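For reference, the structure discussed in these notes is given below.
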Amino acid sequence: MAVILCGLGGCLPPQAIDNQEISKGLDTTPEWIESRTGIRERRMVSAGIGVRELAIKAGARAIASAGGRRIDALVVATTSPERICPAVAPEVAARLELGDIAAYDMTSACSGFVYGLATAAGLIAAGIADTVLLIGAEAFTTFVNPHDRSTRPIFGDGAGAVVLRRGEAEEAGSLGCFDLGSDGGRSDLLAIPAGGSRQRGASGGLGHGNVAADEFFLHMEGRAVYEQAVARMAASAQAVLDRAQWSMEQVDWFVGHQANVRILQTVAFELGLEPEKVAVNIERLGNTLTASIPLLLNDLALRGDLQAGQRVLVSAFGAGLSWGSTVLRWPQLNTRDSEWQD
Ligand code: COA
């Protein structure tokens, strides 16, 4: 038994914000942002749009790419939930007319898509589902302080989705083993301090007025996060390659979470991977958290850069801290661009 990737889709909100525009009112410059992060523009949701609409469009496209295959379970990985309760996945399942299937959200920040792949693979391996729709969906720009120059330019919104089904190991599209890890001792390096149970207290939220507004936005210690991202992604990617018994030379593409182009280049250098094997689209989308890996796969597939049978190394790092890697043999897939319009 193996888990096969058989569908792929993405969705981006239509509003593109370039570095010139994002720099307005911030003590930064377009040049600083591009040179330190590799980002030139990002997409942002407009008022009233949350992850649900992005997830629905990305999910519908992934199902179409899988030839309209019946879905048994839906997992939505998100760091920017539509509402604190309930999960958005049941609403997405209903809007996609998937029937009364198992549907739930999961959170593992920027490693959420890799954790989601492992979760979906587990549902299939356990016989709970034959086919799983996994969506990484984010409207995280709404959780970023518009006055914080160190976080505001970095993030972007979007959703990416894959369909995974039960199959055989020799089939194109088969997912390999996983390496997953976490370090909660460093959780404060990347965190949204308020909005959860710690600040609400026994009065059920009445204490909210005492919490500074800034506490509801992301706090990030950029330099320490950078160093952890490089170290953890490099170690995790190497661990999964060892487990899969793939050599570095056999890897055709390194599809790493798009947090910072310099992080990706440094990880590749530490792994001894040729720079041209590092897949990048951060210049156009910024860091889209759980959506970044499927959106990047979609871009690569659409450009014709990903060929059936190629070996893909996938690795992610994010808040938690958390990280994860997996390997994949690329399948023959039809997909379409991730733009918003139908
Ligand atoms: N414009 C101008 N200066 C900025 C800035 C901006 N947008 N953002 C931060 N700075 C400043 C800092 O305040 C700091 O100033 P100081 O020296 O006076 O304290 C200086 O630039 C250098 O900060 P540093 O954090 O060392 O810069 P950097 O080269 O590491 O780049 C990040 C900053 C945020 C781009 C980088 O640390 C990074 O990408 N970190 C990881 C972020 C990430 O990936 N988060 C998501 C994880 S999934």
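Backbone N, Cα and C atoms are what each Cβ position is placed from, and that goes for glycine too.
Here TrEMBL gives region 'ACP-binding' for one range in the set 13-17, 258-262, 323-327: that range is 258-262.
Summarising model confidence by region, the domain 'Beta-ketoacyl-[acyl-carrier-protein] synthase III C-terminal' (241-330) averages a pLDDT of 97. It is 9 Å from the Cα atom of Asn287 (active site) to that of Cys110 (active site). Taking a C-beta cut-off of under 8 angstroms and a sequence separation of 6 or more, Cys110 (active site) has the following same-chain neighbours: Thr79, His257, Ala259, Asn287, Leu289, Thr290, Ser292, Ala316, Phe317, Gly318, Ala319, Ser322. DSSP assigns Cys110 (active site) to a helix. Counting every protein chain shown, the number of other Cβ atoms lying within 10 Å of the Cβ of Asn287 (active site) is 23.
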